[in-house]
Amino acid sequence: MQASWFQRYLLPGFAFKAVVIGGGYATGRELVEFFLPSGPQGGLFGMLFAAVIWSVVCIATFLFARATHSEDYRTFFRHLLGRGWMIFEIAYCLFIVLILAVFGAAAGAIGAALFGWPALAGTLCLMLGISLFVAFGNASVEQLFKWVSFFLYGVYALFVVLSLGKFGDRISANLALDVPTDGWLLAGVTYAGYNIVGAVIILPVLRHLTSNRDAIIAGALCGPLAMIPALLFFICMVAYYPDISAEALPSDFLLQRLDAPVFHGVFQLMIFAALLESGTGSVHAVNQRIEQVWRAKRGRDLSARARFIAAGVLLVIAMLLAERFGLVTLIARGYRGLAYVLIAVYVLPLLTYGVWQLWQRRGQVALSVQ
């Protein structure tokens, strides 16, 4: 069956956005921390620069993945790092335990806020949702990325419309403020670096690419598609600059001022959907890595039951057990270090050795495994 233009050009960007958005992006907390210190204009500059970095790295990742026939991160890093591929896997496993623990806690808070449930109920709902979507493989995960993306873009667009109607004068006034824009370049680089691992997590959706031209177009679109919701959200937050910087949940701060209870509930559901697609993308990458080894040894794919169980075990460890044993706190302390390790073993080798390999062996069907 021939891949559609949506699968070739937009799906990779939707998948990348799904992995990047998570909880901190969706609530605005990450955007405030990284970009608002540079002022309204500087923040916009930083976000645009981060989007450019994402696009460049995604293009290089997609081209290298096509050249090496890599549909999972293990295969990708065996080609890129040789025997050093396990360094990435160790860092990624620690990273995923941390972000899934955060997602689980956020889902619990949403369930409590919307329905008055115990925190555990919301966490269990997220765990079940992620496990069900990854159980049925690529097709199920891709449909999730597609429909949640439409929902998410629609909610953010409506957020902007409501915000402009309620406090548009404040937004325009603060965007025109003559305040220092120092630090926007570093903010863009840092934020892009913390989230760029998403480009290699979404390798399973690249199976629809039919040419290097597809890889370049899809990669170039990843930056804008992932950053558009953030830009819309940031513009809304500018209305209450600089006070909103002190808010733990900037989204709730703005929603209270919009005074639209129904939309408040819809926005909370959107955040839950963002957690669902982000968690699903991260867990699916692990399942695909397991399946690659399973297929090589057994000659067949993982069953839906095996996928469900593997996802469930990972989620129980990350969302229920890790916090109890203090692992989340321990990993969180090293979060910046983990981010730098991921950049060191992924982005730097890719943009140097990886690009050199692509150039040297252009015209060959695939690069050989080291």
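Residue numbering: from 1, along the chain as shown.
Here the Cβ of each residue, glycine as well, is placed from N, Cα and C on the backbone.
Features reported for this protein in TrEMBL:
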- 42-65: transmembrane segment (TRANSMEM)
- 86-110: transmembrane segment (TRANSMEM)
- 116-137: transmembrane segment (TRANSMEM)
- 144-164: transmembrane segment (TRANSMEM)
- 184-206: transmembrane segment (TRANSMEM)
- 218-242: transmembrane segment (TRANSMEM)
- 262-287: transmembrane segment (TRANSMEM)
- 308-332: transmembrane segment (TRANSMEM)
- 338-356: transmembrane segment (TRANSMEM)
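The list of residues near the transmembrane segment (144-164) in space but at least 6 beyond its ends in sequence, with Cβ under 8 angstroms from a Cβ of it, reads 6, 11, 14-15, 17-18, 21, 133, 171, 205, 228-229, 232-233, 235-236, 239, 254, 258, 260, 263, 266-267, 270, 273-274, 276-277, 280-281.
With Cβ pairs under 8 Å as the measure, the transmembrane segment (116-137) is packed most heavily against 86-110, out of 42-65, 86-110, 218-242. Among the listed stretches 42-65, 86-110, 218-242, 338-356, the one sharing the most Cβ pairs under 8 Å with the transmembrane segment (262-287) is 86-110. Non-local neighbours of the transmembrane segment (86-110) in the same chain are 22-24, 27, 73-74, 77, 118-123, 125-127, 197, 268, 271-272, 275, 278-279, 282-283, 286, 289, 314-315, 317-320, 322-323, 327-328, 331-332, 334-335, 338-339, 341-342, 345-346; each lies 6+ residues outside the stretch with a CB under 8 Å from one of its CB atoms. For the transmembrane segment (338-356), the residues of the chain that approach it from at least six positions outside its boundaries are 56-57, 60-61, 64, 77, 80-81, 84, 87-88, 91-92, 94-95, 98, 193-194, 196-197, 200, 331, judged by C-beta separation under 8 angstroms. Residues 12, 16, 20, 31, 34-36, 71, 76, 79-80, 179-185, 187-189, 191-193, 195-196, 199-200, 203, 206, 209, 212, 215-216, 218-224, 226-227, 230-231, 234, 238, 347, 350-351, 354-355, 357-358 of the same chain, all 6+ positions outside the transmembrane segment (42-65), place their C-beta atoms under 8 angstroms from a C-beta of that stretch.
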